[in-house]
Amino acid sequence: MRVQDVYNVIYTHTEGEPLCIIYSGVPYPAGSTILEKRAFLEENYDWLRKALMREPRGHADMFGVFLTPPSSRDYDAGLIYIDGKEYSHMCGHGTIAVAMAMVANGLVARDPSGLTRIRFETTAGLVVAEVAHEGDRVLWTRFENVPAYVAAQDIAFELPGYGPLKADLVWGGNYFGIIDLRGTSLRIAPENGSELSRMGLIAREEIRKKVKVQHPTEAHINNLNFVTFWHEPTIEGCLYKNVHVFSAGQLDRSPGGTGTSAMMAYFEARGVIGLNQPITSEGLLGSGTFEGCLIGETTLGTVRAVRPTVKGTAGMLGTASWTINREDPVDAGFLVL
């Protein structure tokens, strides 16, 4: 065995959804934008994504982020989100977790007021997080996400075994195909994970056939990667219960941060909620929630959009210093699907 590379990471979870924060070891090009940093990673360090997200260090549902230096004084840090298959434009559960981890581990200076503000550069745009802390305790993160909007409504498709359904295409930091399961027999619960994953991938392909995806102002954003199933909540006080199916069929354990942003835009467009009306969202596990609110309107080019905020908590799981032998194909990462 010959150790070729060593990388330090922090592990967290946000209402059950994991995050591997890669904060050292990558020599990002000086002065590069976040898109240039992602291209650099794709070309030179995609092996690291695979090694940390996949087995034997990760698993099929692992999620991660490269915490990068800022590209300008307008930002405090950059975030490039990853999983075992690909890259994501943004991630809300990850933003909650990485912001809390940065404050807890001294990766950012704490504001004496007890509320530390962190400006993140993502490939979806500027995301501003506020982390509340008291003494040694880090309490919660609230972030203002990129603007959200509804791109298309009532996209008809057939879901095998569950009949004809409709989806809305909504941007909330990623594009989501949002599907109402009320009236079907499919329930959102951990014991139904395999079926939810399978149906999510089928639904995503059906929606992709029906609509062209293109962000109004960001030319590089043109993909539908997430499908959200929702129905009535099981936790009192929540507006809905949902699960987000993404990438190779992963299931988000948390209520979803970009997902909560998209769901608020979805419900606002349908007249269910209004601006400045707080909501609570429930995730797959039925144990944790996020708080959300649309704090105003804006535009994306000529398209009306809303400004979502999401609040949640994350827990520290531990740290690791990984050695990686790229000459060993198993050590370099594999998936069993």
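For all residues, glycine too, the Cβ spot is worked out from N, Cα and C.
Per Swiss-Prot, the feature active site, proton acceptor maps to C91; the stated evidence is similarity to another entry. Around the Cβ of C91 (active site, proton acceptor), 32 further Cβ atoms fall within 10 Å across all displayed protein chains.
Around the Cβ of T258 (substrate binding site), the number of neighbouring Cβ atoms within 10 Å comes to 34. T258 (substrate binding site) carries a helical DSSP state (H, G or I). Summarising the annotation, Swiss-Prot assigns substrate binding site to G92, H93, D252, G257, T258.
Distance noted between the C-alpha atoms of D252 (substrate binding site) and C91 (active site, proton acceptor) is 11 Å.
The most densely surrounded of the binding-site residues G92, G257 is G257 (count of other Cβ atoms within 10 A of its Cβ). Largest Cα to Cα distance within the recorded substrate binders G92, H93, D252, G257, T258: about 11 Å as a whole number. Of all the binding-site residues listed (H93, D252), D252 has the fewest other CB atoms within 10 A of its CB. Sequence-ordered, the extra residues of this chain that approach the substrate site, with Cβ no more than 8 Å from the Cβ center of G92, H93, D252, G257, T258, are T14, E17, C91, G94, T95, I96, G173, H244, S254, P255, G256, G259, T260, F290, V310. According to DSSP, G92 (substrate binding site) sits within a helical segment. Across the structure, C91 (active site, proton acceptor) and G257 (substrate binding site) are spaced 6 Å apart at their Cα atoms.
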